[in-house]
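Notes for the one structure printed next.
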């Protein structure tokens, strides 16, 4: 073989070679770029062998795969050459791209993403498998039984519970089936009988026949169709009425017709208009009006909407306000009602209530009616709220500076001393300096104290000032330093910090910077502050005049003059012809008369021109035209202009004139002279004058005449036709690519188009740097943009969408035929191509088609054979002649052509002439009728003997498959899709919600995440719909609506409901004392609410009065089973027994352990299998730990519930008894014989936390809860078993267990559930034939008599608990019970391999015994399990109970020991002497033992001994504050009510109580130490009651001395004995300091603060004592609290209210100023974003608003609704505040979130006076105030200051407003009833107020009140007294921030309030 051919065969195996027909080697330049080598082939063709790193036809492309880091994580890179579409411009840039083939475990366009990052191991829960979708999103494939995006939800639908095609919806706590039409029921199991529906489905005159899921109408003769609407025959004329259309319907061989009725008509002939009002949806009493196919609802005037369901808001209607006098209009369904402010009544608040009608002012006083109250105007000498007291201040007993008042309780003189005085009359001066000797000096910083009357003075050391020398004297206040400097205050001096440029002590010396002569070039220096200024001479510039100005830069020289710069000046070098300083003057060369006489001079720029007289020429006309010998003889030279012709004089004979043949270029010759045309001159008219005559060239340009005009030669710096354009930097066009050039002082700048950048716009912006083409797409940069060349199968701007190619997308390449298939487009490739898109060229030469060593050369989809010598033909398979061919093959010439063909020589070759029917080069082939292919559209041609047959592709038919089939005839589109026939198939346009080729796929609507994320548990896709499974507390189609869970009043027993925000949202019930639970439905200290998590079981506490306990499962621990299980291995606790040492060992999963045991404990866990001395101890009823093991038969069964060997049958060598329930799987023990290794090899079963509490609460309640009917949730206590299976024959299990009788039922449920969870079988307490639980007291020592069989089960009675506690714990107070439990083993056994659990009673008992043997059972049960026995009957007989445990002597010993303990406990109780202590009535004395931190245990067996039960001690909350306990569980409600809520008459004062009641009540043991913090009703301690009743003067003579208190206040001895000042009430959480503030007890408040009371302790609502003092207007208490450094002035309640906001809201003006003085934050905001100024504006508190504004409050502050104080003032009609705000420039245009401005809301509320004020023409302040008092709705009237009992109005004003108090009132039996609170009077409490009902009036919900409607602790109002021990009314701050002024009420908020005088009148 030739070397060249061998090289060509080897090249494709090693180098990237591209063949092209047009590439020729040896050309210039070389065709192969980038170092490629051109290899020549035959016929002049060539190929390029590219260097490494390049590819392409001519090696013109860089190989993108040369970067080895392009594909990450071991991915392989493959370069892809660009193939531009035919429509692309040939100039478009094309670059090769690449594709990465990723290894397993990676993905991404560069293999950069690890699949584990998208699918972390914990992404899918509950065994779900995570995979990555084509879109890149992770998706979970859930195990059966689980669903959700991460398999986190239990799939209740996995078992397909819905029948008959119902769709299962997973809802909590059970499934819901969405039934198809025709079925109903919980699981769609019932067929709907449509024939029973009203109206029936069939028309009248037909019979209805029900079918499964549907119905059939039996039509009369002549009618057909589903509705019998088809009638036989053609359409008769006029048969269809009311516009109906008759349509023929062929049915078989007959013709029917039916009427197609228009909307609104029905019937066979469309004769009926059905009544659409039959099923109307009109609501609220609307009238339905029938129409055509519709109806109209005629709504009442209070409703609107299409169905009259929208309530018309009468409160927002136009017109006068519904509620007058400041009343608040509240819209209701179909109406409205007015909530009137205090003092007004009536339906529209139009009635002013006369409070003086029932006033009780003392005789002689005048009653003044107020709004909502009254005041008494006292005569001289009388005082008090009712003028009932003698004015003790008339004699002026107090010091002149003291404030005198009369005590409203005692009537005595009360002197309030000024600071510095003391004593009862404030005449005693306090020596503050002497008092300082015992404590810190009042003068700070070493000042000397000098006492003065009522005060003191401080002599301060130098440098300090202030009344107490507390302030450093600020010497900088006098501004000693020079202006501009900073003064720094020091101790007794100051220091000036000088700015640059000043110096000196006071910075008064200015530094002269000109002294150093900084200015250059003789410039003048001007001194400045911290600088200087140089005044430069002309020609210089710069900060120091150091720069010489380039005067030539402005081109001052004109006319081409050259500028020469000089220091400070310049000069111009002018061109010839110009002069002047700037060459601005043109020189007139004619002034020197250069032309001779007779010639005229013409001045030109820089030159001159002589116009010669005739006969002369030359520059100076010095050349005569007539020269000697110029003319012929006889001729005479005639000198003319520019010429001198020779002329014959007249009359000269013999003179021959000259011929007219002179040469004129631009003229004509006349008499030998040239007459020039216009614009030309010269002897021969050769010079063009043009435009140069007018000197058009500017700036010294030279003019050159041209044939068509002129041409200017411009000097440097100018250009243009006339040199008029100045040359600039932009004239050279420096900005490329369309950039625009702009002149700048420094040169020029280019503004580039978006497609380019750079200084000259020379760089194209590569948009591919920031763009990202996904899925292997290649980015192609274009000017100003980019586009992505997407890989096959992707589309979009960034190739982000995956395509499903169809033939419409032209996916086939290389002239292939496209065919649509269900799976997408299919390409039928042309010969030579392959691949899904026919994109791959087949290597035809690889098949070696060229024989006889011919060279194969492929070009595109074809190839060519290069024949060797002697061969020819397309395949080089023919010799050059017939003879040579025959000789080469060794045959005859006649045999060369087969099948009778004839060989014929032609030229240098030959061919075979074939007979008919054969073809081929040698006639070797039969003629193929399929070539060329006669079948069209990609069909397959099959040869036949008689021709061919075309097998048509889908969608075509005909002999040659040329006819297109209508693929839509078969209606292939499902779900109402629209079919469109296409060549080769069809296309379905799917309706919304469906996808797929045939619209058969339902769109997963959940992919768009339609459900609200915060309220959705899971999204379920349905048929063309979706279903959002909402979390608790959410509802709505998308779970977007938060439910008002409190609307249904879920809280029982008087609990109050509060919405919680979540997530998820819910509600919280605040339970009254004695109740608890989510809905307050359980009594306290019970298992109804106690949450034991992680499957734990709640057990009643063995200690009465203690909270319940949790028995935890699955290794969890802690009080609530929240402590996670201990890690496997060595724990803790250690698995090794008997002091063995544990060592962790590695394992496949969790670590294991190995025990190093002492010699006497050789077991794997250091167990002692057998011990000496165990003989005779087995079976004695006592479990001996040393004998517990297989060696000792588990102590004869004593340690294993009487079963000698639970592991009987288990191979001994496996030692499975040592491995049982150790937390690790041991396969050798995972069998029935070895008790399944204690389920250690199973996945731990845990009830779903969301279901656990529900399943616990509904365990064995008689109702099947399917969600709880599984092993992990305890099989629902057997509630789901078939009925009737609790028969005598069902297996049972009899247990002997110790339980506690007080909570027996709860313990039985706990016992059954814990055994069900542990054993994985269903267990429940069986019932006998009478429905009673089969629980029997164990008779103990009477076993032999009672269990002998003499008595049957019917004679057994439920007895009281035994007299002695039975069991192992003496503290448990338990008794032995025989509990017979039913067992459901139906889900266990070999037939249920998935449920590994005991399948017979014997195996169940062995498993239970094994757990007891290893100690794993007792911690789970509510009491010790002593024995167990399988049973089948209802009552175990004596011989069936294998438990002699309690009959043994050991039990007797235990009982004797128990009795001894009881006696010792009674004997060892100590007695203590104590003195008398005042306690209020109703408080129960309790002994205070030494073990105060521990709860006392009641005497053991107190129920049997007969001791009086002790009340439980007060509990202590987390703050260490004593709380009061509720009644004992099981205590009667009447008893509890009588003891806890004692009612006292209101008509008796504190002093009227019996003396015995005022003294210490007799106790059970007088010698015991009294508990001074004992709790009374509502947790009120004696200290609280003392504060409440402080300062009482008995009207019956019971003085403090008679009470045994001496002159002390009642709280003094309590505090001296250690009473807790931090205790708080149960209901409101108020401390004694709260009560002191609430009832204005400054003395008590001072004493409590000295005793350490916390002034910042919040109550239940978050109010501190300062809040309470502000609300009660207790100024003295406020001053005490503000004086305390511990008080937080800006403390906040739960809604963010500060004391300052409260004071502004309640119009307590004086306290507003005092709080501001105490540095309260005037800018603080509550949770609604409102400031104190907002609240002052809302209630028209102008004085407070002015004080707040003066303190710096923001007048334009906006709250969370973007409402300003001016907005609230406009809304509430607060004219005075609005006037004040507008005077201070408040913004009128600020709008709220609804877009309303203050003027808009004033217009809405009809506040016309305010609207006028806001629009700029408002009245004066006085007019506005007067108008506000008289105009309804114009704003609230000025408020009187409110005073609490015990306070006196300051300033002597008579404007008093009685504090009102809430009292729950009702009517029963014609009387007024009230929940008694307290009133003002001798006890100092406030007067009650509340809501009054008359007999028979409506209650809260509109129902008629009856006696059963009222709580039993309500009494008649006239029976209420004022006992100080009555329950203190709880405070309730009920502001109305949106409408009107707030109200302060103490007690439960009520809808209507009565004034003080009404209550007082009833009391009298």
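Positions of Cβ are set from backbone N, Cα and C atoms, glycine also.
Feature annotation (Swiss-Prot): of 1516-1535, 1536-1555, 1556-1575, 1576-1595, the stretch labelled region 'Disordered' is 1516-1535. Check Swiss-Prot against the ranges 1402-1422, 1423-1443, 1444-1464 and you find transmembrane segment recorded for 1444-1464.
Here Swiss-Prot gives region 'Disordered' for one range in the set 1850-1878, 1879-1907: that range is 1879-1907. Of the candidate ranges 1320-1344, 1345-1369, 1370-1394, 1470-1494, Swiss-Prot annotates residues 1345-1369 with the feature region 'Disordered'. Cβ-based crowding with a 10 Å cutoff singles out 59 as the top-ranked of the disulfide-bonded residues 59, 393, 404. In this structure the alpha carbons, written CA, of residue 662 (disulfide bond) and residue 692 (disulfide bond) are 27 Å apart. In sequence order, 288, 295, 297, 299, 307, 308 are the residues near residue 282 (disulfide bond), counting only same-chain partners six or more apart with C-beta under 8 A. Residue 711 (N-linked glycosylation site) is 71 Å away from residue 111 (disulfide bond) when you measure Cα to Cα.
Comparing Cβ neighbour counts within 10 Å across the disulfide-bonded residues 111, 590, 662, 735, 750, the minimum falls on 590. In terms of C-alpha distance, the listed recorded positions 102, 534, 669, 711, 1139 place 102 closest to residue 960 (N-linked glycosylation site). Applying DSSP to the domain 'EGF-like 1' (21-60) sorts its residues as follows: 3 helix, 10 strand, 27 coil. The CA atom of residue 703 (disulfide bond) is located 6 Å away from the CA atom of residue 711 (N-linked glycosylation site). Across the residues of the topological domain 'Extracellular' (21-1443), the predicted structure has a mean pLDDT of 78.
Residue 711 (N-linked glycosylation site) is 9 Å away from residue 692 (disulfide bond) when you measure Cα to Cα. Comparing Cα positions, residue 59 (disulfide bond) lies closest to 979 out of the recorded positions 404, 711, 979, 1264, 1280.
Cβ environment of residue 534 (disulfide bond): 518, 519, 520, 523, 524, 525, 526, 542, 543, 544, 545 lie under 8 Å away, each six or more residues apart in the same chain. Sorted by the number of other CB atoms within 10 A, the disulfide-bonded residues 601, 968 start with 968, the lowest. Spatially, by CA atoms, the recorded positions 102, 590, 711 include one closest to residue 1069 (disulfide bond), and that is 102.
Secondary structure at residue 601 (disulfide bond), taken from DSSP and collapsed to helix, strand or coil, is strand. Here the candidates are the recorded positions 50, 711, 750, 1051, and by Cα distance the one nearest residue 102 (disulfide bond) turns out to be 50.
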